[in-house]
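Enquirer: Have a look at this one before I ask anything.
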Amino acid sequence: MNSRKKYDFSIPLYYFFFFGAQCLIISYMNVYLEKHLGFTGSQLGLYTGITPLVPAAIIPFVGLLCDRTRRYKEIFLAFLGLALASAAIMSFQTLLPMVLLLGVILETARSSCISLADAQVTEYCAQTGKNYGLFRMGGSVGWVVFGMLIGFLTARIPLNTLLFPAYCILTLITLFFAVLFPDTKRLQPKKGHPSKASSVKNPILVLLHNKPYVAMLIITIVICLAGESCLSYSGNHLVTTMQASETLIGLNTAFCVVPEFFFFPAAAWLLKKYGFKKMYLLAAFGVTIRFSIYFFTGNPYLFLVGSLFHCLGSGTYTAVNLAFIHDKVDSSMFGTAVTLLGTVSTVARALFGYGFGYLYEHFGSRYIFLSVIPLGILAIIFLLSTQLFNEDPTT
């Protein structure tokens, strides 16, 4: 009992500080590169496109290694340390090649930590009956708190002075709470999902032949990752296109994340009541409405209203997708399935990064948002026409 209380205490605090740190990188990195290092739109597209490519190649094998060795925690802690070191070194760089190299390392470590933490916490929740959404809500709180705090501080301290020191301090605190994480190699496979680790030689191929899993990957690309990739340019849109203050970046962060406080804890209940298909449809309608508002409005405060729909995409990517994977995939391949989702995510972000960088330089940020609207409509059509999401989640 004391051990479980320790885990219950450390997990939301880990998410709180970890996603607080990620908020800084996602919300402010493009602004830092453009305003302080002088990157052009093409260079921003190069950075947001190239930095995910190496993680895309590495992350599936990280998950496979974890599933084979059950050493989730040790590998997880190693990547957290790598994220801390790469960010510290990156803070001193000004030349594009070194920024790209360290950005690749940072993204590899950061993406691996996201997948490995979620795999461990989801498995822990399956064994203990805990609510993943309640744990994950700590990340939403951290995102809002530190996003608004940095937004407030950037009005008084230059972003290039603030960004990397703040990220490194938060990551160091994150590392402390990660040490207290449950050791999943001590947890047994979920009842009803017998382990097939000894008989499956290539789990990745098995997963790619799992039709519900592949359908989930497709819908995730369309309704979650396109919107998330746009998030990096929302700061540029507010500051450069709309000529708003940099402090509105922090306020936009709050409008994106505060609704997650309610959606994440409720996700498990909503899944049991409505099933996977209706949850994915809700997210598809949300992304279509959100980016329609982004495209048509010229008012920064109406732009913030559109950000209220962000929780539907982020909640689907985390709580809904993880529940779907746990329900549809053999437990011996769970880590591989989660990290393969991370790989697909990084490849999609790379492609969207190239495309959005081109649109930003040649047409302006508003057309980035326009390009997402038809994707949301296609997702709605796909979900209404397929039977792969009809089954309700296992209770």
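Just so you know, glycine gets a Cβ as well, placed from its N, Cα and C.
Pulled from TrEMBL, these are the listed features:
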TRANSMEM  12-32  transmembrane segment
TRANSMEM  44-66  transmembrane segment
TRANSMEM  75-92  transmembrane segment
TRANSMEM  133-155  transmembrane segment
TRANSMEM  161-181  transmembrane segment
DOMAIN    204-395  domain 'Major facilitator superfamily (MFS) profile'
TRANSMEM  213-235  transmembrane segment
TRANSMEM  247-271  transmembrane segment
TRANSMEM  278-296  transmembrane segment
TRANSMEM  302-325  transmembrane segment
TRANSMEM  337-360  transmembrane segment
TRANSMEM  366-389  transmembrane segment
Enquirer: What else in the chain is close to the transmembrane segment (247-271), if you only count residues 6 or more beyond its ends and a Cβ gap under 8 Å?
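Expert: Answer is 23, 27-28, 31, 131-134, 136-137, 140-141, 143-144, 147-152, 154-155, 231, 234-235, 238-239, 279, 300, 303-305, 307-308, 310-312, 314-315, 318-320, 323, 392-393.
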Enquirer: Grab the same-chain neighbours of the transmembrane segment (133-155) for me: Cβ-Cβ under 8 Å, and only residues 6 or more beyond its ends, written as numbers and ranges.
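Expert: Contacts of the transmembrane segment (133-155) (Cβ under 8 Å, skipping residues fewer than 6 from its ends): 11-24, 27-28, 121, 125, 162-163, 166, 170, 245-251, 253-254, 256-258, 260-261, 264-268, 318-319.
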Enquirer: Quickly jot the same-chain residues contacting the transmembrane segment (75-92) by Cβ under 8 Å, restricted to those at least six beyond its ends, or write none.
Expert: 62, 65-66, 98-99, 102-103, 105-106, 108-110, 112-113, 116-117, 120, 163-165, 167-168, 171-172, 174-175, 178-179, 181
Enquirer: Who are the long-range neighbours of the transmembrane segment (161-181) in its own chain, taking Cβ under 8 Å and residues 6 or more past its ends?
Expert: 6-7, 9-11, 13-14, 17-18, 20-21, 24-25, 28-29, 32, 73, 76-77, 80-81, 83-84, 87-88, 90-91, 117, 120, 146, 150, 153-154
Enquirer: Within the domain 'Major facilitator superfamily (MFS) profile' (204-395), what mean pLDDT does the predicted structure show?
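Expert: The average pLDDT of the model in the domain 'Major facilitator superfamily (MFS) profile' (204-395) works out to 85.
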